[in-house]
There are 2 protein chains.
Amino acid sequence: MIILGIDPGLRTTGFGVIHKQGARLRYIASGTIKSGEGDLPKRLKVILDGVGQVARQYQPDCAAIEQVFVNVNPQSTLLLGQARGAAICALVTAELAVAEYSPTQVKQAVVGTGRAVKAQVQAMVARLLALPGLPGTDAADALGVAICHAHSRETLTLIAGANAASGGTVAAAGLPGPLAGLRMKRGRLVG
Amino acid sequence: MIILGIDPGLRTTGFGVIHKQGARLRYIASGTIKSGEGDLPKRLKVILDGVGQVARQYQPDCAAIEQVFVNVNPQSTLLLGQARGAAICALVTAELAVAEYSPTQVKQAVVGTGRAVKAQVQAMVARLLALPGLPGTDAADALGVAICHAHSRETLTLIAGANAASGGTVAAAGLPGPLAGLRMKRGRLVG
């Protein structure tokens, strides 16, 4: 199963693509879509086209997008909402089911605590996907959303259903989390 | 020139299509797109598909969308932003240039004062487009955005350019506004 994760933003939209096979997660791709300058409709089109292109290129089976914080500045909240709307439009146009997770849920799934800072998310994403280096923060958040979705009940149920339908065993049941054997200790990774 | 106006909303998105020929505005169509229940991605898809269908059906030359008020509730602002983002995505996908106008600009253009109430907008839209009855508030707002765009400098310049390019006269220059001969007086229409 290929999962596309999206970290939405008006300026920068992060994307991350992972492959899940049983308990194993494998990195496929990640990056950012920059909306550039231009007026709002033009910038939304860049996001719509960019996310659409990622979906066409990597042919994910499902998608997940981070819920966004409400900004103290209402105008910023409105702009962010429109950017997130454009990203979701690209996903539903690609006929992908779209799951939503809060930043706290993503941090909990990736780092093990909802209060993790960005650097911890980057480090754990790199570790869980065996990356040679740290991904950028936007790409790391997007990969984090994809990892969070990979561990969600919904996804496990889908995989179980697919295996049952194909006569296979329910490989997703009772999977150990990717955090088995990994714990955060005072912000440093310990294996 | 056919102009599509959009009044965005998560629950109800209004649309209005008008034809502008010289100083003359003619009503073509109006209505609403209801996003129904379902989760947010599903509702955004209804808006995206609905506005896209309107664009395909009426083949407008350009589009205009109302700017939205920042709500006192930040979560509502975020939802409205996403709905507006979906509507804009449908317009840019249809390769339409998208202009944006504030509610005050629309009221100013339609009623003659930025402090007009909804009933005044409905009444003036009905009058300007010679409608047999009052349009609903969402459709009236959308038609109002289209009327506002029809009178914008940008649109007049476009028409002038097209006429010049085709060797025609600059029919748009010095047009009387549609409000010529019409004034609001204590909220009632006087001809």
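Keep in mind that glycine also has a Cβ here, set from the backbone N, Cα and C atoms.
Unlike curated entries, TrEMBL annotations are predicted automatically.
Bear in mind that the values here come from a model prediction, so they are computed numbers and not experimental data.
Reduced to three states, the DSSP call for B:ASP138 (Mg(2+) 1 binding site) is helix. Annotated Mg(2+) 1 binding site per TrEMBL: B:ASP7, B:ASP138, in sequence order.
Per TrEMBL, the feature active site maps to B:ASP7 (among others). Close to B:ASP7 (Mg(2+) 1 binding site) in the fold, though at least 6 residues off in sequence, lie B:THR13, B:GLY14, B:PHE15, B:GLY16, B:ILE65, B:GLU66, B:ASP138, B:ALA139, B:ASP141, B:ALA142, B:GLY144, B:VAL145, each with a CB less than 8 Å from its CB. Mapped onto three states, the DSSP output places B:ASP7 (Mg(2+) 1 binding site) in strand.
TrEMBL lists B:GLU66 with the feature Mg(2+) 2 binding site.
Taken from TrEMBL, the feature active site covers B:GLU66 (among others).
According to TrEMBL, the active site annotation covers B:ASP138 (among others). Cβ neighbour count for B:ASP138 (Mg(2+) 1 binding site): 24 (other Cβ atoms within 10 Å of its Cβ, all protein chains included).
In the three-state DSSP classification, B:GLU66 (Mg(2+) 2 binding site) falls within a strand. There are 24 other CB atoms within 10 A of the CB of B:GLU66 (Mg(2+) 2 binding site), with all protein chains counted.
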